[in-house]
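Quick look at what TrEMBL annotates:
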type     : residues                                           : note
ACT_SITE : HIS94                                              : active site, electrophile
ACT_SITE : GLU166                                             : active site, proton acceptor
BINDING  : ASN9, TRP10, LYS11, GLY172, SER212, GLY233, GLY234 : substrate binding site
Amino acid sequence: MRTPLIAGNWKMNKTLDEALAFARYLGEHAPKNGVETLICAPAPLLYSLADALAGTRVALGAQNMHHEAQGAFTGEISAAMIKDTGATYVILGHSERRQLFGETDASVNRKTICALKEGLTPILCCGESLEEREADRTTEVIKAQVISGLHGIAEADVTKVVIAYEPIWAIGTGKTASSADANEVCAAIRGIISDLYSDKAAESLRILYGGSVNTDTVKGLMAEADIDGALVGGASLAAESFHSLTTF
Ligand SMILES: O=C(CO)COP(=O)(O)O
């Protein structure tokens, strides 16, 4: 049985005061029983948010990290630093990181291995562009990203990974994939895991959908067999909206 996961990705938004007000609201409004909830916040907010969210059943994650454990990498943060804050998740290979900051399948793979070694749960993102979808290359693109992202990771570790399918054309555009289309790709990802590892691994690994998810679309997405949760950008920024996503 896979526990549903509703994760907010705040991206580069919120000051400390705004983040603490959000945490206070979540302290007063519990998520639905049996649903895991997560906020992936900007790194400078993590220590304070970990304190503010303690006792709320809302987990905390980072949005990126470096693939080395330490060293001369000005401006970067390590897995151990994220772990120190009390965060337990980290988003890796988000399409904004790939498109705007030059991340590659190889660097995302190194980060995933490093996160697992440190005991963080990686949320490994994949997704096709509009051009790739229109050229009927969605499955091929996703397959290449998933295979490279998980390269060298043993079966015992792969079930700790969460995969997020985020079609690039649906991110921040208001265009959500239909529940059926999103489910089709998530099912294909499960098939890839089954081929790479085993049916058992494929059955236990969680797959999220992301891309303009909101309070109107979340229920339909969550009703699909292969969608285990959502990775939400815009609609995770207001506490009331995030809370209603968690009570789909
Ligand atoms: O990129 C996303 C989550 O990681 C999705 O963002 P939106 O929900 O704003 O489309």
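Including glycine, each Cβ sits where the backbone N, Cα and C put it.
All annotation found in TrEMBL is predicted automatically rather than curated by experts.
Source: prediction; values computed, not measured.
Structure coloured by features recorded in TrEMBL.
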residue	record	Cβ within 10 Å
ASN9	substrate binding site	26
TRP10	substrate binding site	22
LYS11	substrate binding site	18
HIS94	active site, electrophile	28
GLU166	active site, proton acceptor	26
GLY172	substrate binding site	12
SER212	substrate binding site	20
GLY233	substrate binding site	21
GLY234	substrate binding site	18
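Note on proximity: of the binding-site residues TRP10, LYS11, GLY172, SER212, the one nearest the residue listed as 'active site, electrophile' is LYS11, by Cα distance.
With a CB cut-off of under 6 A applied against ligand 1, the binding-site residues TRP10, LYS11, GLY234 are reduced to GLY234. Under the DSSP three-state reduction, GLY234 (substrate binding site) is assigned to helix.
In the three-state DSSP reading, ASN9 (substrate binding site) counts as strand. Other than the site residues ASN9, TRP10, LYS11, GLY172, SER212, GLY233, GLY234, same-chain residues with C-beta atoms no more than 8 angstroms from the centre of those residues' C-beta atoms, the substrate site, are ILE171, VAL232, ALA235, SER236, LEU237. When the alpha carbons of LYS11 (substrate binding site) and GLU166 (active site, proton acceptor) are compared, the span between them is 14 angstrom.
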